[in-house]
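Undergrad: Handing you this structure, nothing more for now.
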Amino acid sequence: MSLSFPTSRPPAPSRVQPHPPARSGADQPLNITALLTVMLGVSVISLDISMTSTALPEIAKNLGVAPAKTIWIVNIYYLAVVAALLPLAALGEIYGHRRVFFAGLLTVAAGALASGLAGGLGPLMAGRALLGIGSAAVSATTPALIRDIYPPEKLARGLGFYAMIAGAALSAGPPVTSAILAVADWRWLYLPTAPLALLTLILAARRLPETERNIRRFDPLSGLLCSAMFACLLFAIAGAAHLGATIAAVALAGAALTGSALLRHETGQAAPILGADLFRLPIFALSSATSIIAYSVQGMVFVLLPFLFQYRMGFTQIEAGLLIIPWPLTLIVMTLVSPRLTRWVAPGFLGGLGLALLALGLGALAGLPESADTVQIGWRLVICGVGFGLFQSPNMVAIMQSAPRARSGSAGGILAMSRLLGQSIGAALFAFCLAHWHEDGIGIALQIGTGLALAGAAISALRLLPGLHPAALPSDKGNA
């Protein structure tokens with residue numbers, strides 16, 4: 001018996017109209033050169049994220065700061081990303097995803113150069129914040145660009161390819177980091193990103209076609225409130241470990257106040273920047289919630305693993321980078337398999353099964369003896385990679401296909417937001433564990449990750465309940 005849902009979708013907001021008459025993926029054959037250009041941009045920002053997480057112990061040693069403080073190199077990046085992501089997604093819907101993609105690449109180049117030239121922790125954090133804004137523009141527009149490039153019946157394949165490229169860059173990050181740090185200063189992790197981003201920008205200007213635009217004005221107040229809300233929220237989460245409960249509570253109150261003001265301000269709007277109209281679709285809302293939880297686990301574990309391998313198990317920087325590879329490498333393989341499964345199996349089932357496997361792998365990692373060899377480490381990470389791979393691509397398809405095409409920009413922004421907000425929450429959770437329990441915090445964080453993965457599996461399974469508005473899953477006939 002098939003576990004897939006029947007196909008249907010809600011109507012698009014009536015006041016959002018395409019302009020100018022750019023063609024979407026539904027109207028044209030697959031544009032390979034445009035796709036490869038977008039994937040190059042994805043590779044640049046994904047590789048940067050992976051390299052930074054892997055290099056944190058070395059950066060801490062080089063700058064002479066406590067390891068817990070270097071977590072802010074990751075946190076400040078994510079804070080900038082989540083603050084800018086949804087406003088940039090709205091700008092992409094209004095002015096064209098292509099233009100915002102261009103601006104993002106230019107900002108990534110500037111941020112990478114600033115990071116590479118930084119002389120201390122403060123300047124490095126400033127460069128990372130600028131790089132985060134650029135990455136937000138690229139991340140906000142990529143899913144919508146893929147939906148424009150791919151014919152609807154092949155959208156699952158396109159999003160799977162997106163996940164595969166991001167996973168490949170993620171898997172390349174640890175060995176590339178180890179290789180660079182073996183012969184050069186950590187600043188060379190960032191300096192090559194600037195010319196790569198500029199090269200992608202040149203290729204995009206030549207190869208990426210114009211995208212649809214929607215007739216409406218950008219609401220600056222909504223953008224400001226949205227940025228303030230997510231900045232306060234992430235600051236509260238990230239600052240709880242170092243700045244104290246009082247400051248974290250004030251930041252959390254700020255997030256609640258700005259969020260409430262944003263919801264009131266956007267009441268009745270056809271295309272709210274926060275996507276309230278999209279979250280009224282149960283499949284979209286549950287898929288987004290599952291995504292935040294799953295990426296919280298991934299974000300925490302990918303920051304945690306270098307500390308586990310170097311500080312607790314005694315491996316070198318190079319060895320630690322190589323030991324991480326089985327997870328992202330397995331994830332790459334799964335991105336070739338899981339998109340095909342969405343034709344017959346519902347994302348709720350695949351996501352629940354995948355996150356249950358992820359919990360199993362993390363539980364095994366939590367029980368890893370300090371004397372474990374590479375095989376004992378490797379099979380645990382392979383289980384994690386298989387589980388996360390079963391979740392990732394089908395969940396992306398559920399989010400994008402459950403949204404009207406005219407709201408692809410906001411849906412793509414929320415897709416990226418759920419990933420990046422989750423990863424930032426994960427990094428902040430590990431920082432909290434490390435600050436409060438020191439080396440014991442590594443094991444405690446793994447136990448927390450196991451519990452979160454099981455919670456995500458349960459939420460994913462809720463999508464199987466009868467009566468929910470279904471996500472429009474890809475089929476041979478197409479439906480978007």
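The backbone N, Cα and C atoms fix where each Cβ goes, and this holds for glycine too.
Annotation comment: TrEMBL describes 1-26 as region 'Disordered'. Annotation source TrEMBL lists compositional bias 'Pro residues' at 8-21. Annotated domain 'Major facilitator superfamily (MFS) profile' per TrEMBL: 34-473, in sequence order. Residues or ranges marked as transmembrane segment in TrEMBL: 71-91, 100-119, 125-146, 158-182, 188-206, 218-237, 243-263, 283-309, 344-365, 377-399, 420-438, 444-465 (among others).
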Undergrad: Please work out whether the transmembrane segment (100-119) lies in contact with the transmembrane segment (344-365), by counting C-beta pairs under 8 angstroms that are 6 or more apart in sequence and asking whether there are at least 3.
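TA: Answer no, regions not in contact.
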Undergrad: Please average pLDDT over the domain 'Major facilitator superfamily (MFS) profile' (34-473) for the predicted structure.
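TA: Averaged over the domain 'Major facilitator superfamily (MFS) profile' (34-473), per-residue pLDDT gives 88.
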Undergrad: Which sequence positions outside the transmembrane segment (188-206), separated from its termini by at least 6 residues, show Cβ-Cβ distances below 8 Å to it?
TA: 37-38, 40-41, 44, 47-48, 51-52, 55, 98, 101-102, 105-106, 108-110, 112-113, 115-117, 127, 131, 134, 177, 180-181
Undergrad: Short question: most Cβ pairs under 8 Å with the transmembrane segment (344-365), which of 125-146, 243-263, 377-399, 420-438, 444-465?
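TA: Comparing 125-146, 243-263, 377-399, 420-438, 444-465 against the transmembrane segment (344-365), the winner is 377-399.
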Undergrad: What residues elsewhere in the chain lie close to the transmembrane segment (444-465), defined as a C-beta under 8 angstroms and at least 6 residues from its ends?
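TA: For the transmembrane segment (444-465), the list is 3, 282-283, 286-287, 289-290, 293-294, 296-297, 300-301, 304, 346-349, 351-356, 358-359, 362-363, 365-366, 387, 391, 395, 398, 426, 429-430, 433-434, 437, 471.
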